[in-house]
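I have placed the structure first, in the form of structure tokens, so that the comments after it can refer back to it.
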Amino acid sequence: MNSKAFYQQMFAIAIPVALQSLLTSFLNTLDTMMISSLGDASIAGVGLANQVFFLFTLICFGINTGSSVLFAQYWGVRDVPQVRKINQASLMLSTAVSVAFMLVAMLFPYGILELFTHDATVVQAGGDYLRVAALTYVITVWSFSLGSALRSTGNPRVPLIATMSSFVANAFFNYIFIFGKLGLPAMGVVGAALGTVVARMIEIGVLVFVIKRYQGPLQIPIRHLQKIPKEFWTVYWKTTLPVIVNETFWALGQVFYNAAYAMVGTQATAAVQIAVAIQGLAFVIVRGLGSSCSIMLGQSIGKNKIDRAKKDAYRFIILSIITGVVIGAIESLTPQWTLLLFGHISPEVYTLGQQLLQVMGIIFILKTINSVIVVGVLRGGGDTHYGMKLEMSCVWLVGVPLSLLAAGVWHLPVTIVVICAGMEEVTKVVVGLYRVYSQKWIHRLVQD
């Protein structure tokens, strides 16, 4: 593939994915932005409550990205029956996970918050939000699964349109419910959760309508729901289980990081939640890059065009370095501007937010490279077992122990705790680049 064709295909996938990720990040950040005027406790409470959602979405992300490895390779040879089986399996697993998380979050919201902090006002705000927001879990996972399947089969625009609709609805209903407009009472953090529920319902409605309205590979007749053979599940689990385990334990690691930040104090927790939300908006370009890398490499390997896959992998690594440096520099140099998104925060949180963004901008460079390596190259090449071992070892043997020691034993400032957590990325980039250049990551899963 020449350079022009490479960039055309990459942008055709990356731009819709990046735009959708931007809107999704705004969707998740919107609650934090719009409740910022309610005080530090509300910001910290909603941020910690969203750690449950974060863990849940990362497990489902593992299911969907593991499935997308198979999606891309089988769609590369246009094997529609296999694509439908993969879609069905992904939806079944994701739904089971979402129901379990929803029940736990609705039944024990305050107990979950107490695992992070003993500040009663933070626990109350976060628990109130979590109990209502849990209603979105099943809806959200269907949106994730269907959106991932549409992107992997060459239709990234529909998920983008669905997310745009959801974003507009969330902004509108958040405004009404949080601040009590159009005759409704002001509901604060509960209103933010209700606005998210309505927005997610609109998003899944758009996706289901398009899939049912237009004939495509994702339509699954009811009569086919019990016709997945044992042989399929064997191949499916071999590829997807390492990704599911990877994302689950990586997400648990992020939860432990937030527990470490909470040890420093409520203001530190609020500042971290704001900085992470801002970085999440910047990370959308990386998600687009990683998704296009995974899909393009997967389709090339499915077609047995191995040399093209190798060459494209190196191109994506170079692009990840350039992207990370540019965005990381902007993040580090302009914290005073990005914090304007959160107008009503205390001076202490504002100062901490500036310091954190400067540090996190440097770490962002490594996060970008690692995201393309793990999500793009290793998963796109079917090297899911190695990706799992790489991420789990770096998180649990490096990042988590260092951050917990820094916060709980050494009682260091939150900026140093973030740097300790970032040592995960330093280790990962060294080992990950070695794996890519060894060319041992290429595994063809399609049976000729």
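Quick reminder: no glycine exception, Cβ is built from N, Cα and C everywhere.
Annotations in TrEMBL come from automatic prediction, not curation.
What TrEMBL says about this protein:
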type	residues	note
TRANSMEM	51-77	transmembrane segment
TRANSMEM	89-109	transmembrane segment
TRANSMEM	129-146	transmembrane segment
TRANSMEM	158-180	transmembrane segment
TRANSMEM	186-211	transmembrane segment
TRANSMEM	232-253	transmembrane segment
TRANSMEM	259-286	transmembrane segment
TRANSMEM	313-330	transmembrane segment
TRANSMEM	356-378	transmembrane segment
TRANSMEM	390-410	transmembrane segment
Give residue numbers and ranges for long-range contacts of the transmembrane segment (259-286): same chain, 6 or more residues beyond its ends, CB-CB under 8 A.
14, 18-19, 21-22, 24-26, 28-29, 32-33, 40-41, 43-44, 46-48, 115-117, 119, 122, 320, 323-324, 327, 330-331, 338-339, 341-342, 345-346, 348-349, 352-353, 356-357, 360, 364, 367-368, 371-372, 403-404, 406-408, 413-414, 417-418, 421
Are the transmembrane segment (186-211) and the transmembrane segment (51-77) close enough to be called in contact, which here means at least 3 C-beta pairs under 8 A that are separated by 6 or more residues?
no
Would you say the transmembrane segment (158-180) and the transmembrane segment (51-77) are in contact under the rule of three or more C-beta pairs closer than 8 Å, pairs 6 or more apart in sequence?
no
